[in-house]
Amino acid sequence: MELKKTVHFGAGNIGRGFIGALFSESGYHVTFVDIADQIINQLNEQKKYEVKLATDKQESTTIKNVSGVNNITHENEVVELIEKATYLTTAIGPNILPRIAPLIARGLTERVYQADDKLYIIACENQINATDILKEHIMENLDEDTKERLDGRVYFFNSAVDRIVPIQENNDTLDVLVEPYYEWVVETTENIPDVKGMTIVGELAPFIERKLFTVNTGHAVIAYLGYLNGKTTIDKTLASEDIAIQVQETLKETGEYLVKQYGLSENEHHKYIQKIIDRFKNPYLNDGVTRVGRAPIRKLGPEDRLVRPATEAQKAGLAFTNLAKAIAAALLFDYPEDEEAVKLQGMIRDKGIAKVLQEVSSLPEDSEITKEVMKQYEILKR
Ligand SMILES: NC(=O)C1=CN([C@@H]2O[C@H](COP(=O)(O)OP(=O)(O)OC[C@H]3O[C@@H](n4cnc5c(N)ncnc54)[C@H](O)[C@@H]3O)[C@@H](O)[C@H]2O)C=CC1
Ligand SMILES: O=P(O)(O)OC[C@H]1O[C@](O)(CO)[C@@H](O)[C@@H]1O
C-alpha cells in the first residue's frame, strides 16, 4: 500500500529529530525540503537515519521512509510534493518563513484546482502564531480565485513545539541526538489524521505562552548569562549557583504573569518550571550557550520570550526586574559568529540602548522597562 505523504520544510535538528521523525513513525513518507545539498543527498542515498536519545544508554530509533528535495534547484518537484501531501510542516526558523511562502503558494495553486483532498499546514517554529504569519505570506502570493478555493481544502493550524535538539557534533551523518522529552501542541477543532505525539487543543495561547515564557525564557537567561560568564554549555552554566538563582527568579516573574493570565494552578506551574530546569541540566545534550542565544534581535522582539513577558508583567502590575536583567544580558551577547549579534552590537554603538530597544523591541525610550534594562546593563557590563 502506498504511504501517505507529508512534506516538511527544514531538514535540520527539529525537522529530522522531532517533526519528521514523528510523521515517519506514524506511517508517512516524509520528504524534507531544504537548501542544504549535503543533507538532501544523504537522505536520498540512505533513505533512513537514527534519532538518538540524550541519555546514558543513548537509545536509538531508525527513521525510515524519508527523502529530500532542494527547494532552490528543484522547485517543480516541491510543487508536485505539495500537490500530493496530507500535511505540510516547517521547522526552518521564523525569519525564513517569508522566503518559502512563494513556492508553497505555487504548490497550493496547482493543488486546489486538481483535488479536493485536505491539506494541513503547520509551522513548527519558536514563534507565537507562526502559522498565521506563514499564511499571510502565502496569501500575498495567491490570486483571488485560488484564495477562495483554499476554503475546505487547505487548513492552517498554529502550534507549539518543545524538544531540545542541540547542534549536532558530527555533520557527516544524518543521525540526530535529541532529549527524550517532547511536546507538540496543535490548535484545531478539525478532525485531522492521527500523527503520533501530536496533542490537539482548541486554544493554543496558554500552551505556547507557557512554553515560550518558561522553556525559552529560562533557556535564554542561561545562555546570555552563561556567555557573559565565559561558560560554554547550558548544563555547565546552570551549575553556577548565582545563575541558577537568576533563572528561578526570572521564571517566577513569567510564572506570575502566566498564572494570572491563564488561571493556572500555582502549584502545577511551579512543578512545570522545575521539570523544565531539570531538562536544562541534561549533561548528555552538550547544548551550547551560543546556539540557545542565537539571533538576539529576533529574541528581543516585542512578542518574543524576553520582552513580551516583561511588558505583560508591567501591564498587570507585576515585577519585571529579572526579565529586564535578562534583556540587558541579551544586549551584551557580542558573539562574533552570530550575524544578528554583530548587527545588534553595531546598533548599540551607533544609537545607544534606549533607541535600540525602541527599534528592536518596540519599547518606548522612556518606558520603565527600558530604564530598568539600562540600569541592569551597566551593572552587568561591570
Ligand atoms: N533546536 C531546537 O531545540 C528547537 C528549535 N525550534 C525551532 O525550530 C526551527 C528550526 O530550528 P532548528 O531545527 O534548530 O534549526 P536548524 O538550523 O537545525 O534547521 C533549519 C534548517 O532549515 C534549512 N533552511 C534554511 N533556510 C532555508 C530555505 N530558505 N529553504 C529551505 N531550507 C532552509 C537549513 O538548511 C536547516 O537545515 C526554529 O524556528 C527553532 O526556533 C523549536 C523547538 C526546539
Ligand atoms: O530556537 P530558537 O528560537 O533560536 O531558540 C533556542 C530555543 O529553542 C529551543 O531550541 C527549543 O525550544 C531551545 O533549546 C531554546 O530555548
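Note that the numbers count up from 1, one per residue, in the order the chain is shown.
Just so you know, glycine gets a Cβ as well, placed from its N, Cα and C.
Over in TrEMBL, the protein carries these features:
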type: DOMAIN; residues: 5-190; note: domain 'Mannitol dehydrogenase N-terminal'
type: BINDING; residues: THR6, VAL7, HIS8, PHE9, GLY10, ALA11, GLY12, ASN13, ILE14, GLY15, ARG16, GLY17; note: NAD(+) binding site
type: DOMAIN; residues: 204-380; note: domain 'Mannitol dehydrogenase C-terminal'
Number of other Cβ atoms within 10 Å of the Cβ of HIS8 (NAD(+) binding site) across all protein chains: 30
Neighbourhood of ligand 1 - binding-site residues from THR6, HIS8, GLY10, ILE14, ARG16 with Cβ under 6 Å: GLY10, ILE14
Position of peak Cβ density within 10 Å, selected from the binding-site residues GLY10, GLY12: GLY10
Around the Cβ of THR6 (NAD(+) binding site), the count of other Cβ atoms that are within 10 Å: 27
